[in-house]
Structures are given as structure tokens and as C-alpha cells.
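According to Swiss-Prot, the protein has these features:
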BINDING   Glu566  L-isoleucyl-5'-AMP binding site
BINDING   Lys610  ATP binding site
BINDING   Cys905, Cys908, Cys925, Cys928  Zn(2+) binding site
MOTIF     58-68  motif ''HIGH' region'
MOTIF     607-611  motif ''KMSKS' region'
Amino acid sequence: MSDYKHTLNLPETEFPMRGNLAQREPKMLQDWTNKALYHKIRAAKKGKTPFILHDGPPYANGDIHIGHAVNKILKDVIVKSKTLSDFDSPYVPGWDCHGLPIELMVEKKVGKPGKKVTAAEFRQKCRDYAEKQINGQKADFIRLGVLGEWDKPYRTMDFSSEANIIRELGNVVRSGHLEKGFKPVHWCTDCGSALAEAEVEYQDKVSPSIDVRFNIADEASFTKQFTAIGEGLGEGTISVVIWTTTPWTLPANRAVSLHPELEYSLVQVQSENGNERLVVATDLLDECVKRFGFENTHVLGTALGQALENMQVQHPFYDFTVPLILGEHVTTDSGTGCVHTAPGHGVEDFNVGRQYNLEVANPVGANGVYLENTPIFAGEHVFKANEHVVEVLAERGALVHHVKYTHSYPHCWRHKTPLIFRATPQWFISMDKNGLRAASIKEIHKTQWIPEWGESRIESMVAGRPDWCISRQRTWGVPIALFVHKDTGDLHPNTDALIEQVAQRVESEGIQAWWDIDPQEMLGDDADTFVKVLDTLDVWFDSGVSHYFVVDKRDDIPASADLYLEGSDQHRGWFMSSLMTSVATKGHAPYKQVLTHGFTVDGKGKKMSKSLGNTVAPQQVTNKLGADILRLWVASTDYRSEIAVSDEILKRSADAYRRIRNTSRFLLANLTGFNPKTDLVPFEEMVELDKWAVSRAHTMQREIVKAYEAYDLLVVTQKLMQFCSIEMGSFYLDIIKDRQYTAKSDSHARRSCQSALYHIVEALVRWMAPITSFTAQEIWQEMPWQEDEFVFTGTWYTGLTAQADNTEFNDAFWQQVLAVKDEVNRTIELARKEGTIGGSLEAEVKIYATAELAELLSKLQDEARFVFITSSATVEAVESKPADATETEVPGLWLHISASEGKKCARCWHHREDVGTNESHPELCQRCVTNVDGEGETRAYA
């Protein structure tokens with residue numbers, strides 16, 4: 001038996017079947033670094049239309065987690081896709097470096113500043129710690145295949161950044177949005193500092209729920225305001241009843257608030273105190289009576305809240321009276337409709353108190369302990385004092401009702417401990433003084449939010465948020481570099497110039513310069529009347545002004561930011577702080593689009609935590625499976641909602657990756673010996689099936705690029721998989737194997753096929769590049785005709801051609817053929833299982849079809865057998881179908897499979913009756929004889 005293997009065009013490539021990504025990727029990264037890939041991209045795109053994705057800085061503390069990996073991969077995919085769309089899209093990664101978490105880590109090592117180390121030494125230790133953390137995180141981000149300005153990132157602790165943060169503070173001052181105030185702020189007693197809105201988490205907390213009597217001081221005057229119902233206005237002490245879940249704030253009570261338009265009822269009740277009269281909102285009366293457990297109650301009279309304004313009530317345990325005041329914040333959602341008001345412990349209380357010039361009492365220290373001059377409760381921690389307050393109320397007959405109550409309560413994001421509202425002298429960016437709130441909302445509406453619900457979410461947050469407290473009482477932070485008058489607290493009249501002088505010092509010496517500056521040196525004679533502010537800036541201000549010191553200031557960023565991309569928690573964090581500072585100083589939003597992704601959860605949808613043991617470390621995934629698997633997983637998810645990850649989910653991504661890799665390998669292996677400069681067949685001269693494949697790639701590229709532009713990576717990966725697995729793997733590539741392997745090596749039939757494969761791999765490698773970056777570059781290196789060294793420096797492939805819809809062999813034609821082929825495959829598989837045939841090349845298929853379908857399939861003529869991968873395929877009228885023909889799911893199509901009576905060709909394995917008709921090649925069919933010794937077969941259709 002002769003060996004015809006040498007006459008076949010067998011696939012050949014050095015591109016391995018197995019990715020071995022964990023071993024191969026680090027070597028590729030080293031090569032990219034050595035060859036300055038990122039800077040080559042920048043050079044290639046210089047002068048192109050800019051697209052700026054501004055990086056929200058991760059915090060420089062700890063190893064990166066899977067959420068960090070998702071965020072950085074998404075950004076990298078988008079930047080690379082924009083680069084392929086021929087934008088100049090630099091990526092400057094950043095880090096957030098100041099603040100409490102780093103202070104706490106350094107405190108563990110060296111103690112608090114001022115004890116074992118000076119404040120200056122402590123700041124340097126913090127800087128050193130952040131530097132080390134950044135280096136670790138940077139290595140992990142680079143390992144993910146993220147390209148960027150890694151040798152020159154932005155860091156909020158860089159001297160230039162610190163200086164520009166101070167300059168932007170000066171711009172806020174100049175725009176008139178900065179205020180100093182004694183206001184209630186979220187305060188963490190563990191941090192000993194105010195917290196920003198973004199640093200507050202809400203968790204369930206069990207608190208005392210109490211209703212408390214405030215006795216009326218002048219009952220005669222009070223009852224005159226009520227319209228009687230029936231005879232008289234009853235008997236017994238009169239009390240206004242308030243409801244609260246923060247008994248510890250009662251020492252600071254300075255009023256009871258009523259709603260001016262609400263009706264209040266004077267109610268006769270019998271209690272443990274005997275006959276008494278209580279005042280509650282009429283709308284809440286039934287609920288209150290039920291809660292209090294009183295019997296024999298009836299309404300004596302009613303009055304509007306506005307009629308009771310300025311009436312005095314007795315504080316429940318201190319020897320002074322407080323007024324009844326009016327406030328629009330009072331509701332009938334719960335409670336009694338009479339609101340305990342402590343201006344030092346609540347924003348609404350503070351605001352309404354200011355209208356009545358109430359004292360802003362603040363009897364609580366920074367550590368959460370009542371001050372020494374606080375009657376009854378001095379020295380007690382507020383949360384421990386709750387029960388003591390309840391006891392005192394009960395002893396004095398002021399307690400109406402008391403139960404335990406579970407409710408959502410603000411907690412410190414770092415310590416996970418309950419917060420208090422505490423009035424302290426702080427610096428604020430005013431939301432309303434100069435119209436910042438309204439201007440910010442206007443800019444929100446000009447921005448594109450993806451998903452769309454982000455717009456209403458951040459709008460409601462901005463609409464309802466308090467003034468932004470930007471001051472902190474910390475050591476490691478950018479200073480609020482202001483001089484204020486000792487007595488009045490007013491800013492120095494030369495503040496603009498002073499801020500610039502400080503910024504210049506900080507630019508060369510870092511933030512320590514502020515604490516080292518002698519006021520005399522800068523202020524001269526004014527040093528006696530003006531003092532330095534020693535507070536530091538909220539770290540959300542640091543990162544929130546990165547639009548100023550990164551996007552506006554850096555030479556390698558050519559324009560304002562097009563896109564911010566972070567987790568959905570950043571609506572109340574970085575998106576908001578960036579918006580407010582940009583609108584305050586520049587009058588517009590810092591971004592054109594804002595895209596958010598969800599949080600990672602485990603395979604069962606549960607939140608990830610170390611305690612549950614369900615975390616997935618990106619480092620372990622890259623070390624085991626490779627970064628491309630992680631990148632493909634990220635792109636394959638609907639990342640705008642929760643993102644599930646588990647070993648099983650990653651395994652599915654690895655399986656999908658193998659299908660893409662195998663398709664790529666087939667393309668490369670069958671381009672051996674092909675030179676596009678000499679062998680490329682023009683589109684119009686190609687075999688019809690090859691035209692279709694190129695045209696499908698053209699359509700697919702249009703859809704994929706559109707999906708990239710919409711940041712819809714799930715659609716990109718779905719299209720990739722559809723193209724590789726179905727349209728190529730199960731159809732086109734399956735069909736062309738015979739022609740590719742058996743046709744004469746330089747024949748038109750084979751060169752047409754190779755030309756299609758060439759166009760397809762040129763397009764496919766670029767579609768893949770933003771997502772499976774390492775594999776795309778690996779493929780690129782196996783394409784010897786490429787002039788560019790890297791796939792990332794070019795653009796989408798422009799050599800694809802679309803087949804016109806009005807042509808005979810258009811996409812609709814081939815889609816119909818594909819549907820018939822699926823039915824043929826299914827029917828052959830049934831025949832194989834029944835033992836009628838072995839493989840498909842042993843089969844003869846007779847296709848019985850209705851007139852229209854039969855006419856369509858007949859266009860393939862004798863080449864239909866190559867499409868169906870059978871030794872024979874004939875098309876006949878449906879009327880002639882035999883009784884044992886198989887009906888299919890394609891309307892009007894029946895199939896009949898039988899074993900071929902022809903002999904098996906030793907070269908192409910088709911069973912043909914003409915095998916052995918050539919004496920020189922008795923084991924070959926006539927087609928193979930032509931391909932071996934003759935001019936080679938011709939193909940027109942497949």
C-alpha cells in the first residue's frame with residue numbers, strides 16, 4: 001500500500017496546543033518591558049484623537065483582591081480597544097496614599113505620633129509603608145497584563161500631587177465654597193475624627209427605643225391653643241411625648257420640634273402616674289396609644305403645630321426649660337410627631353436650631369465620653385450611658401415606654417463600630433452657599449451614566465447630602481494649609497498668595513513642610529494674630545481632585561477625562577468627590593461618561609469574605625491558570641451587576657479559552673507556506689464559501705467593535721465564541737479541511753481558502769487582543785508577514801470585504817446551508833449509532849427537499865458532498881422520498897443515509913466508485929489523481 005502522506009498539505013505550526021499561560025505570560029511581560037511596549041503604543045498613537053480613561057486610585061494598603069483585578073482588567077480592555085480604534089488612549093494608574101488605614105498599620109509598628117516617634121518621623125514611616133504597598137500591588141497589576149505608565153504612576157503622596165492638592169484647595173477657597181463651621185458630623189470615637197459620607201457604612205444595631213415626657217411649663221397658656229372636643233380639657237400633668245433611639249443625646253436636648261401644619265391631639269390617659277394628658281400627632285395617635293399600652297384614653301382637643309411655637313417644656317432631667325419649635329423635617333412615618341432636638345448631635349437638629357438661635361450643646365468628647373462638666377453622666381461612654389439615661393428617665397417619671405429596637409445605623413467603614421453625630425469645629429465645602437448642589441445636579445444630567453440607573457442614584461445622593469466636611473484630625477494627610485485669625489477665625493486676606501507659597505514648599509519638601517513652616521517667616525507681623533490650621537484634608541478630597549493634578553496637569557494626558565470606571569459604591573465616593581470639586585473649581589463635571597461594575601460574589605451569589613473562606617485570590621489564578629483566563633472570565637460576565645467567581649466558573653472560562661486557542665492554532669497551522677504578498681486571492685475571485693467566511697468576519701468585526709464601543713464585553717466574548725465554535729469550528733473550518741489538505745498546494749482552490757484564513761486570523765487576533773492579550777500577541781508572533789512588532793500598536797483589520805446581500809451566494813444562502821448541514825450531521829450520527837455507517841465519509845446522503853430548498857441546495861452541484869463531508873450528496877424532489885427517509889426540523893427537508901458502495905480512497909478517505917481507475921494510482925480516486933499528478937482540482941462553491 002502506497003503512502004500518500006507526503007502529497008498532503010498537513011497543518012504545521014509552532015503555536016502550541018496547550019497555552020501553559022502561567023509559565024509563558026511572565027516571559028512575555030519581561031519582553032514587553034524590555035521593548036518598552038507601552039511607550040511604543042504612545043508613539044504610534046501620537047496626534048490621534050485622545051480618549052482618556054482616568055484611573056480611580058486604589059488604596060495603598062494590602063494585597064490586591066479579586067475586585068481590584070476585575071477593575072483593572074476592565075479598564076485595560078477598554079483602553080486597548082480604544083487604541084485599536086486608533087485613539088490616543090494613555091493609561092496612568094494611580095494610588096491613594098494618605099489616611100487612617102495606613103496610620104493604623106504604622107501605629108502597630110511604632111506607636112502613636114508624639115510618643116515613641118515624632119509626628120515628622122511618623123509621616124515618613126507612613127510614606128515608606130505606602131511605597132512598599134504600592135510596589136506589591138503594582139507587580140500584581142502588571143502580572144494581569146495591564147499596560148500603563150507603570151514607571152510614572154500618579155500617587156497622592158508624591159510631592160507634586162500634595163502641592164497640587166493644596167493648590168486645588170486654594171481654588172475651592174477662591175470660588176467661595178469653603179466654610180468653617182461648628183456643625184454635627186459623623187464622628188468615629190475609635191478614629192477620634194470626623195468621617196466623610198463615603199466612609200460611612202450602614203449596619204443593623206440594637207438600640208433602646210424610648211418615648212419620653214417633656215412636661216409643659218405653663219399649662220394654662222398651653223391649653224388655650226387647643227380647640228376643645230366635648231366638655232373641658234381634662235386633668236393631670238400635660239406632657240409632649242418624644243420618641244428616640246439615641247437616649248445618650250438627651251443631655252444635649254435644647255428643643256422639641258413640631259411640624260407647623262400637623263394636627264396634634266391633647267389626649268387624656270390613665271397611666272402608672274394616674275390621670276395625665278399627653279400630646280402627640282393626631283395621625284400617630286392610635287399607634288402611640290397601642291405602643292404605650294394605656295387604656296381609657298380619649299382626645300380632649302386639637303391644635304396645629306404652629307399654634308404651639310415657642311411654648312416652653314421642662315427638660316426631663318435637667319433644671320431648665322426648652323422651647324417647642326417648628327421644623328419641616330418632622331414627619332408622621334414613625335414616633336410621635338414630636339421630635340427631640342439636639343443641635344449638637346444631628347444635621348436636621350442643627351439646621352432647625354440655627355433658625356431659633358439654639359445653643360449647640362456638645363457634651364461629648366472626641367473619644368465618645370461625656371465631658372467632666374456634664375451633669376449626671378460625666379465620664380461615661382455614650383453607648384454605655386444609654387441604659388443609665390433610661391434609668392434616670394424612669395426614676396423621674398419621664399419614661400413612657402422602653403423596648404429594644406433593631407435598626408440600620410451608621411458605622412465606621414474601618415472599625416465597623418457605631419458612629420455618633422458630634423458638633424465640632426470643621427472645614428466644609430458648602431453645598432448651597434454658592435449653588436454647588438444645583439450646579440452639580442445640572443452636570444450629572446450632562447453626563448452619560450452606564451448603567452442608566454447610576455444617574456438617578458448619584459442625583460439623589462447629591463440632592464440629599466449635607467455639606468462636605470473635608471477636615472480631619474489626623475497626622476498622615478495633606479494639610480489644610482490655611483492661616484486663620486486667632487480671634488475671628490477669618491482667613492488671612494492674602495490667602496491666595498500664601499497657598500501658592502506653601503504649595504511650592506510642599507512641591508520640594510512634601511507635606512512635612514507645612515508643619516515645619518514658621519508663621520513668622522511667611523506672615524511677618526501678622527504672625528501674632530494669625531495661626532496655622534493643623535487639620536488634614538479628607539482623603540476623598542485627595543483623590544477627588546486628581547482630575548486637577550493628573551488629567552489637567554500631566555503632559556502625557558492630552559485632554560480631559562472621557563471615562564471614569566469604578567465599582568458601584570463609588571457613586572457616593574470618588575464619582576461624587578470628583579464631581580463636587582470639579583464643579584466647584586471649573587464649573588463642569590470631570591468626566592463625560594461614568595461606567596460602574598458590580599461586586600464580586602462566590603459561585604452561590606454570596607459576598608466574599610476571608611472568614612467564610614470563599615475568596616478567590618487573583619494571584620493564585622494567574623499562577624495556576626494564567627492571566628488570560630482571568631481576563632476572559634471578567635469579559636464574559638455581565639459585570640454591571642454582581643460578578644460571580646469560583647473554581648467551577650473559572651474552569652468554564654478555561655474551556656472557552658481552549659476553543660479560541662484551538663481555532664487560532666488551526667488558522668495558523670493552515671497558513672504554512674502562504675505569503676500574502678504573492679499568494680493572496682482577490683475577494684471577487686475566491687471560492688464562494690471562502691467569500692462567505694470573509695464576509696462573516698466583516699460582519700462580526702462590525703458587531704464586535706460596536707460592542708467594544710458600548711463597553712459591552714459580554715457581547716464581545718459571545719460573538720467571539722460564536723464565531724470560533726459555531727461559524728468557524730462547526731462549519732467553515734470543518735468543511736475546508738478536505739480542500740486545504742488534499743488540493744494541490746499552490747492551486748487556486750487552496751490559495752482561496754488560505755486567503756480567507758489569512759483575513760480571518762488578521763481580524764481575530766485583533767478582536768482578542770484587548771481581552772486575551774498574551775495569547776493575541778503569541779498569535780501575532782506566529783504571523784511572519786507582520787511588519788509591526790506588536791498587535792497593540794495597530795488598528796482593527798481593514799482587509800475584510802462584505803458580501804452584498806443581493807448576490808446569489810449571500811449570507812442567507814449559507815445560513816440555510818448551515819441549517820441543513822446540522823440536520824445532516826444529526827442524521828448521520830443516528831445512522832452511525834445504528835451501525836449503518838462508520839464515519840461520515842462512508843455515507844451517501846440523499847436530500848429530499850421542497851422545490852425552493854432543492855433549488856437552493858442544487859446550486860452547490862457536485863460540491864455539496866464537501867459541505868456535508870460525505871462521499872456523495874444528491875438533491876432530489878421531496879415527492880420522490882422513500883418511506884424510510886428521516887424528517888428533519890428544517891421545514892420541507894427529509895434525509896436518507898446509506899453506506900457508500902464505493903471504495904475508500906487511500907489519500908482523501910472518500911468512498912468513490914472511481915477509486916482504482918488510474919493504473920498509476922490504483923488506491924486513489926480520480927480527484928486525488930488530479931491533485932497529485934495533474935493540474936489540481938477546481939472548486940467554485942466549497
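Using the three backbone atoms N, Cα and C, a Cβ is placed for every residue, glycine included.
Values in this document were obtained by computation on a predicted structure and should not be read as measured data.
Features as recorded by Swiss-Prot, highlighted on the structure.
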residue : record                          : DSSP class
Glu566  : L-isoleucyl-5'-AMP binding site : strand
Lys610  : ATP binding site                : coil
Cys905  : Zn(2+) binding site             : coil
Cys925  : Zn(2+) binding site             : coil
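Per-class residue totals from DSSP over the motif ''HIGH' region' (58-68), listed helix then strand then coil: 3 helix, 1 strand, 7 coil. Cα separation, Cys908 (Zn(2+) binding site) to Glu566 (L-isoleucyl-5'-AMP binding site), rounded: 56 Å. Distance from the CA of the residue listed as 'ATP binding site' to the CA of Cys905 (Zn(2+) binding site) is 63 Å.
Distance noted between the C-alpha atoms of Glu566 (L-isoleucyl-5'-AMP binding site) and Cys925 (Zn(2+) binding site) is 63 Å. For the binding-site residues Cys905, Cys928, the greatest number of Cβ atoms within 10 Å around a candidate Cβ is found at Cys928. Cβ neighbours within 10 Å of Cys925 (Zn(2+) binding site), excluding its own Cβ and spanning all shown chains: 28.
The average pLDDT computed over the motif ''HIGH' region' (58-68) stands at 94. Cys928 (Zn(2+) binding site) and Lys610 (ATP binding site) have their C-alpha atoms 65 Å apart, to the nearest angstrom. Annotated Zn(2+) site Cys905, Cys908, Cys925, Cys928; additional same-chain residues within 8 Å of its Cβ mean position, judged by their own Cβ, are Thr742, Ala906, Arg907, Trp909, His910, Arg912, Val915, Leu924, Gln926, Arg927, Val929. Cα to Cα, Cys925 (Zn(2+) binding site) and Lys610 (ATP binding site) are separated by 67 Å.
Sequence-distant neighbours of the residue listed as 'ATP binding site' (same chain, six or more apart, CB under 8 Å from its CB) are absent.
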